[in-house]
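Notes follow once the structure below has been shown.
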Amino acid sequence: MNLMRTAMLLAFMTVLFMAVGYVIGGRGGMMIALVIAAGMNFFSYWNSDRMVLRMYRAQEVDERSAPEYYGIVRDLAKNAGLPMPRVYVIDSPQPNAFATGRNPENAAVAASTGLLHSLSYEEVAGVMAHELAHIQYRDTLTMTMTATLAGAISMLGNFAFFFGGNRENNNPLGFIGVLIAMIVAPLAAALVQMAISRTREYSADRRGAEICGNPLWLSSALRKIAGAAHVVHNPDAERNPATAHMFIINPLSGERMDNLFSTHPNTENRVVALERMAREMSTGSTAPVRPDNAVRKSRSVPRTGWGRGGSEPPKGPWS
């Protein structure tokens, strides 16, 4: 199902490229756009994960540089029966996280320093379990490729304004066609992102709760992240809005409503579903993830101290 969805999305993106190419240069422009789209599809499949990580200047960490964060992901991946993904930290005060990669064997998870600062051990585990669920369901291929292609289509729509209205080109639609392309192409690209059903977030929430062993860990994390995400701005996400749907909570300011134009379900609806799941679960489908040595250390996140100084008291029942 996910492979079919990915193919349909890529086909639609290709049609968008061809349509804008037609506006810019007629049939010749359409054929050039087709070649460019085919090349981008190929490139995105192999490189879109690296592109997204580079957009956010993500820093890869390991067991030595971020032992507790890395250990959480390692234990959760084992619970889920997944290969160990690459683990990254994003230097951003906004609490958020995402996963990327074309398949479970080539996947990566990334959490912001803001998330690692403000959440307890259990809440971090709930968030990373959610991201691993996306990897397990292979949502990451669709999300990452859609992000890169949607951004490119928006740029191509703007490109049409400078080169599509010239009388000397082969544009059969004139300046009106260029204006339509400028408006429709970015809107259509955004709608494609929304076409990736928001129900995948509910599915990842449920599977993530199973992986970490406690739905309330994730519900508590979602409340904290949503409360901060629209107060603490994320400049990198604002510059790259096509990647917003990849995050566990929409990182863009002003995206609060569960409506047709939202990339994420309403957070409170997700929390209610998780709390209902918690009531239904007598025991977790997997053993809850617990640290071997439940004491946060200053080296847990590179150069950050993972949220508190050495004199600050421990937080959470894991401490």
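Each Cβ is built from the backbone N, Cα and C atoms, and glycine gets one as well.
Noted in Swiss-Prot for the protein shown:
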ACT_SITE  E131  active site
BINDING   H130, H134, E201  Zn(2+) binding site
REGION    280-319  region 'Disordered'
TRANSMEM  6-26  transmembrane segment
TRANSMEM  28-48  transmembrane segment
TRANSMEM  145-165  transmembrane segment
TRANSMEM  172-192  transmembrane segment
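Overlay of Swiss-Prot feature records on the structure.
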residue : record              : Cβ contacts under 8 Å, 6 or more apart
H130    : Zn(2+) binding site : A97, A204, D205, G208, L218, I248
E131    : active site         : A97, F98, A99, V109, A204, G208, I248
H134    : Zn(2+) binding site : A99, T140, M143, R200, A204
E201    : Zn(2+) binding site : H264, P265, R270
Three-class DSSP secondary structure - H134 (Zn(2+) binding site): helix
DSSP-derived structure type at E201 (Zn(2+) binding site), helix or strand or else coil: helix
Environment of H130, H134, E201, the listed Zn(2+) site - residues of the same chain whose CB lies within 8 A of the CB centroid: A99, E131, A133, D139, R200, S203, A204, D205, G208, I248
